[in-house]
């Protein structure tokens, strides 16, 4: 597994595979797999040649690429405390670790499929309200073994891959875009990464449920 630059993130970390923690939490750094097309959500300092001209977001088949790590954060202008479990229906930001830009969408057309463009936007983790995505899942929390959808909070498209493939300079990478209709193309799963331990909040809620 590729090394994640963790010095900037701080805190106590639990590597995937070394823990039985079931929930995905704020502050975790993860790779997200599109389960239909078997590609991981990816970005890099390569800009679109059309549309917004912002940093491109793609899907890659490589498991080891460090440009596929995303940090899970609270929605714009909020702080989600490290270790807070992500609830189904909660808006979040996904910040690309290596470039500091947030997963973003807007009313531009994607270059290959003609769907809605998905880009990476902002500087040092700060962009705007178009960086917010709502986690859609079953049950109270986003669990690591479960598939989820990400719905763009402002335009309501779903983060999707339908298989279109780029040529140079990013040959073989798949287009990532937003689609209005739910389908198998917009399911994602947390894979490799560094997962923050759940906070005391989850333990307290579990204790309350037992009473």
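Just so it is clear, glycine is given a Cβ too, placed from its N, Cα and C backbone atoms.
Keep in mind the model is a prediction, meaning the values are calculated, not measured.
These come from TrEMBL:
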{"type": "SIGNAL", "residues": "1-18", "note": "signal peptide"}
{"type": "DOMAIN", "residues": "21-75", "note": "domain 'MIR'"}
{"type": "DOMAIN", "residues": "83-138", "note": "domain 'MIR'"}
May I have the DSSP-based helix, strand and coil counts for the residues of the domain 'MIR' (21-75)? 3 helix, 28 strand, 24 coil
Residue counts for the domain 'MIR' (83-138) under DSSP, helix then strand then coil, are 3 helix, 28 strand, 25 coil
Mean pLDDT, the domain 'MIR' (21-75)? 96
